[in-house]
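Asker: One structure is given below, represented as structure tokens, and several questions about it will come after.
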Amino acid sequence: MKAWVAKMTEEHLDEDAIRRAGEILKDGGLVAFPTETVYGLGGNALDAEASRKIYAAKGRPSDNPLIVHIARMEDLEIVARNIPDNARKLAQECWPGPLTMILEKTEVVPLATTGGLNTVAVRFPRNRIAQALIQSAGDFVAAPSANTSGRPSPTTAAHVIEDLGDRIDCILDGGMVEIGLESTIVDFTEKTPMILRPGYLNRERLEQILGTVKVDPGILAEEPAVRPKAPGMRYKHYAPKADLTIVEGPEEKVVQKIRELAEEQIARGLTVGIICTDETRRKYSAGDVKSIGARSEEASIARHLYGILREFDGDHVDVIYSEAFDTPKMGQAIMNRLLKAAGHKLIEA
Ligand code: TXA
Ligand code: MG
């Protein structure tokens, strides 16, 4: 089976393709689609068999729950119950958008979708292609990121084709995503709301709306002694084929350190990749040097991170050195993903 691909933009939806894709989902098939965060691999969230197909296509462990995507605020009540007031308030402020909330599930959501849990992850994405697809599919679409398990989340349709092109029915190609990192996950099943996965909506923003918000200690810990609450954050996630190390510190020192390390490795006969920014690009002479974007525009760093990691897998380098990206707003989310990819190898310059 080879997926058919329908290209469109949010401004010019291909209504016919969306209707056909909606039919595929209603019939239990799989459709990949863009959201503002990353591409999702959709199946009917209320159909246990469709959820099983998602796990199989991704090669994902079936105890790692899926996110249920909705496209109307009132549909939250159908999949979740005992919804606390502060969760409603957050939904009002941040939906549609890059926010996923963990709530108590209702009977209509099969355990196959929630990985056996009595809670459900719900998200109302802002992308208009995603919204139109969800509505045409009958309003509830389960979707993990549309990558094979263990690879970076896809930020373009080409990434989806690379990983899943012959395992799913259809791909809606809406071009490159806007944000490039997965949604912020907030758990509302305990007294104080807790961030289970950092994302574009950071702790400061959430605290403006909710008051005190905790961060799951499991996502900050280097050692797996403290288990993250979101099952997906426990798995050894994506690791590039090359050995990745992050170098942190003042810019000049970081550049100098990476240059030294790169030269040492090249002298040993290894090929080296370097992840830098537009500001430092010209300061590196040796190695396969890729700029992630301007440090002054952190959005571009987030948006290009997964794509660059995929490129290096294709380039077959032996080692990669990356500058650290502790940017003001999305720094926590960017560094969370980068540290995981590096297996927490961080050098202070
Ligand atoms: O931005 C996103 O969230 C993207 C787009 C497609 O919406 N989706 C995404 O899904 O990143 P996925 O499956 O790759 O990540 C979902 C995360 C996993 O870490 C999973 O363990 C966690 O959400 N999760 C889902 N349901 C949960 C639950 N009931 N309790 C705790 N964690 C849950
Ligand atoms: Mg994922």
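Numbers here mean position along the shown chain, with the first residue as 1.
For all residues, glycine too, the Cβ spot is worked out from N, Cα and C.
When I checked TrEMBL for this same protein, it listed these features:
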BINDING   THR37, HIS69, ARG123, ALA143, SER183  L-threonine binding site
BINDING   ARG60, ASN64, THR119, SER145, SER153, ARG197, TYR238  ATP binding site
DOMAIN    15-201  domain 'YrdC-like'
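Could you give the neighbours, burial and distances for every feature on this list?
Answerer: Taking the Cβ of ALA143 (L-threonine binding site) as reference, residues of its chain lying under 8 Å away and at least six apart in sequence are, in sequence order, PHE33, THR35, GLY40, LEU41, GLY42, GLY43, ILE54, LEU66, ILE67, HIS69. ALA143 (L-threonine binding site) falls within neither a helix nor a strand when secondary structure is assigned with DSSP, and so counts as coil.
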Asker: With Cβ-Cβ distance below 8 Å and at least 6 positions apart along the chain, what are the contacts of TYR238 (ATP binding site)? List them in sequence order.
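Answerer: In sequence order, the residues whose Cβ lies under 8 Å from that of TYR238 (ATP binding site) (at least 6 apart) are GLY150, ARG151, PRO152, LEU309, LYS340, ALA341.
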Asker: Provide the three-state secondary structure of TYR238 (ATP binding site) computed with DSSP.
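Answerer: The three-state answer is coil.
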Asker: For SER153 (ATP binding site), just count the other CB atoms lying within 10 A of its CB, please.
Answerer: 25
Asker: Whole-number Å only: compute the distance from the Cα of SER153 (ATP binding site) to the Cα of THR37 (L-threonine binding site).
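Answerer: Their Cα atoms are separated by 10 Å.
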Asker: Taking ligand 2 as the reference, state which of the binding-site residues ASN64, SER145, SER183, TYR238 have a Cβ closer than 6 Å to one of its atoms.
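Answerer: Listed by sequence, the hits are SER145.
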Asker: From ARG60, ASN64, TYR238, which binding-site residues have a C-beta atom under 6 Å away from some atom of ligand 1?
Answerer: ASN64
Asker: Across all the protein chains here, work out how many other Cβ atoms are within 10 Å of the Cβ of ASN64 (ATP binding site).
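Answerer: For ASN64 (ATP binding site), the count of other Cβ atoms within 10 Å is 17.
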